[in-house]
Amino acid sequence: MKIYRRMTHGNYSLVTEFILEGLTNRPELQMPLFFLFLGIYVVTIVANLGLITLISLNTHLHTPMYYFLFNLSFVDICYSSVFTPKMLINFVVEKNTISYTGCLTQLYFFCFFVITECYLLTAMAYDRYVAICKPLLYNVILSPRICAAFVFGAYVMGCWGSLAHTLCMARLTFCDANLVNHYLCDILPVLQLSCTSTYNNEVVVFVLVGMNIVVSTSTTFISYGFIIANILRISSTQGRAKAFNTCSSHIMTVSLFFGAAAFMYMQPSDVESMDKGKVASVFYTNVGPMLNPLIYSLRNKDVKLALKKTLKRKLFS
C-alpha cells in the first residue's frame, strides 16, 4: 500500500512529493534493466568524456565541427545525469519518490539540455552545409566568433524554453494523484496529474515543442537539400561517397533524436500514448547520448587519428 504525503489546503490536499512509476512494473525485469541502463550510462559518460578529452588535447580537432561536437558531448553528459540516477533507483526500490521542488528542478534541467541539443544539432547541420557547399569560405563563415554565437544561442533557447515549461507547470495545482507514469518528471506525464485545467500548458507544449522541431528540422532539411544538390554535381563517384560519408554521422544522430522526440511530444496525452512515449523516450534520453560519441568517433578518421596520437603520447611519455 502506497503512502502519499500531502499538505492540506482548504477542502483538499496538495501533493508535496511524486512517485516515479519507472519504465516497467514487472518484477522479473527490474534487475536486468538496472544493469542494462547502468551499462548504458557508464558508456555514455566514458565515451562522451573521452571525446571531449580528445578534442581538447588535439589541436587538429580545433575546428568548427569539433567545437559543436565538444558542446554536444557536454550536453549529453549533463542531461543523461539529470534523470538516470533516479531511473536506476527506481529499479531497486519499491517506491521511488521525488519532492515537488525536485520534480520541477529535474523538469527544468531536462528541458534545458534537450532544447539546447536540438539547436546544437541544427548548428551542426549548417556546419556540414558550409563544409560541403562553401569549402573555401569554411573558416571565414564559421569563424570562432560565429561558432560561439551559435552555441550561446542554443543555450539561450534551452534556458528560455525550459523556463517557460517550468513556470507553466508551477502554476498548476496537484491535489491527490501523485504517481508519475514515467521514469522522470517529463512534461506530459506530470500534466496528467493536475487537478486544474492544463489547457494552457498543453498549448505551450504544442507551440514550443512544435517551434523547436519545425525550426530545427526545416533548417536541417534546407541545409541537406543544398548539400545533396551540391553532391549530385560532383562527377567523381569517390568524391560523392566521401561527401555523403561526411554527413552520415550527423544524419544518424538527427534522425534518432528528432524521431523519438516528435513521437513523444506530438501526440495526445492519454495513458496509452504515454506508455508508448515512455518507451520511445528511451531512444533520445538514453540510447542517443550513448551512440552520439560512438557514431562520430568510429566513423571519423580524424578522431581515430587523434586517439592513436593521444595513446602514443601517454604510453611513451
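Heads up, residue numbers simply count up from 1 along the chain you see.
Here the Cβ of each residue, glycine as well, is placed from N, Cα and C on the backbone.
Taken verbatim from TrEMBL:
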- 47-296: domain 'G-protein coupled receptors family 1 profile' (DOMAIN)
- 33-54: transmembrane segment (TRANSMEM)
- 66-84: transmembrane segment (TRANSMEM)
- 104-124: transmembrane segment (TRANSMEM)
- 136-157: transmembrane segment (TRANSMEM)
- 203-232: transmembrane segment (TRANSMEM)
- 244-267: transmembrane segment (TRANSMEM)
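When each of 33-54, 104-124, 136-157, 203-232 is scored by its Cβ pairs under 8 Å to the transmembrane segment (66-84), the top-ranked stretch turns out to be 104-124. For the transmembrane segment (104-124), the list of distant contacts is 65, 68-69, 71-72, 75-76, 78-79, 82-83, 86, 98, 147, 150-151, 153-155, 157-159, 161-163, 165-166, 169-170, 184-187, 190, 212-213, 215-216, 219-220, 250, 253-254, 257-258, 261, 284: same-chain residues at least six beyond its ends, Cβ to Cβ under 8 Å. Here the transmembrane segment (136-157) has long-range neighbours at 64, 67-68, 71, 115-120, 122-123, 126-127, 130, 212, meaning same-chain residues at least 6 beyond its ends whose C-beta is under 8 angstroms from one of its own.
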